[in-house]
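The feature ATP binding site is assigned by Swiss-Prot to 5-12, 131-138, with sequence analysis given as support. The feature Zn(2+) binding site is assigned by Swiss-Prot to HIS155, CYS165, CYS167, CYS172, with sequence analysis given as support.
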Amino acid sequence: MRTLAIDIGGTKIALAIVEEGTIIQRYQIATPVVQDVTKFVQAILEKVTEWLPSIDYVGVSTTGYVTPEGITSINPETLNFPVPFPLAQTLEQLTNKPVSILNDAQAAAWFEFVQLKNPSLNMAFITVSTGVGGGIIIDGKLHKGNSGLAGHIGHMSVAIEGPLCGCGQRGCVESMASGNAIQKESEATFTETMSNVELFKQAAFNPKAEAIINRSVQAVATLCCNLKACLDLDIIVLGGGIGLAEGYLERLNKAIQSRPSVFHIPVTPAHGDYDACLLGAAFQFKE
């Protein structure tokens, strides 16, 4: 079985042919800045037209809130789709293939759960990337909730007087810990423009850079402890460009260990590395 996996993020879209859990071919494009769903899908498919005859299924993981009607952007600053955005329906029409779609972190959570050596564990996947998202596995099942909203843990508030999030709340984890949040804080702190990659390099000898990263880490640590308190999870798996940046996981586990022991929970790196969401898109067809 070959699946065309499509992972839609705020800045880029990753595409791959996945067979038996292995990426056979891959391609990456910038996320199209178009509001028309047909043009959006065409911009994706034109890069991989030659793949389609060999594909059995299309699996999509996407930032945003996925409902049967389409995709809704909870935080338009991360990805601003018209509401609802009927991506899956349009993909089915243009590819004539079965299409399944999940929120990206929910998809990654399922992929990471399948990789666990102990399938009895209750777990969460957290991605710290352009935004912050999550997926929750309880009793061996992906918990999506009645409407599909479950797992949007980046919009749990960890600072009631914190910065205004694009979703409309204050102090969301996403508004304090995401790549976008780190970039905003960096721009407010330094006179020269600095990428997040450079910020992490600077942190070893620049206290201001370290403080910006630590702000993100502390917000995610609070989120992890809250998930432990709320769901009594066994493990958390961390992914995303920020979450997998050098030194971030070590900082995070140290921050969690500084909290009361009843809220401690182990955090491990994603088995799928930076491709957890992409592989999760394909693994929707593995029940």
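Including glycine, each Cβ sits where the backbone N, Cα and C put it.
Shown here: features listed in Swiss-Prot, placed on the structure.
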residue : record              : Cβ within 10 Å
ALA5    : ATP binding site    : 28
ASP7    : ATP binding site    : 26
GLY9    : ATP binding site    : 22
GLY131  : ATP binding site    : 35
GLY133  : ATP binding site    : 31
ILE137  : ATP binding site    : 26
HIS155  : Zn(2+) binding site : 22
CYS165  : Zn(2+) binding site : 23
CYS167  : Zn(2+) binding site : 20
CYS172  : Zn(2+) binding site : 31
- Task: Using C-alpha atoms only, work out the spacing between CYS165 (Zn(2+) binding site) and GLY135 (ATP binding site) and round it to an integer in Å.
- Result: 20
- Mind checking which of THR11, GLY135 has the fewest other CB atoms within 10 A of its CB? They're the binding-site residues. THR11
- If the Zn(2+) site is taken as the center of the Cβ atoms of HIS155, CYS165, CYS167, CYS172, which further residues of that chain fall within 8 Å of it by their Cβ? ILE74, ASN75, GLY154, SER157, GLY166, GLY168, GLN169, VAL173, GLU174, SER175
- Task: Compare the C-alpha of CYS167 (Zn(2+) binding site) with the C-alpha of each of the binding-site residues ALA5, ASP7, THR11, GLY133, ILE137, and give the closest one.
- Result: GLY133
- Query: Taking just the CA atoms, what is the gap between ASP7 (ATP binding site) and CYS172 (Zn(2+) binding site) in Å?
  - Reply: 24
- Query: Can you tell me how far the Cα of CYS172 (Zn(2+) binding site) sits from the Cα of ALA5 (ATP binding site), in Å?
  - Reply: 30
- Which binding-site residues sit within 10 Å of HIS155 (Zn(2+) binding site) - Cα, from ALA5, GLY9, GLY133, GLY135: GLY133
- Item | Structural state of ILE137 (ATP binding site), classified by DSSP into three states | strand
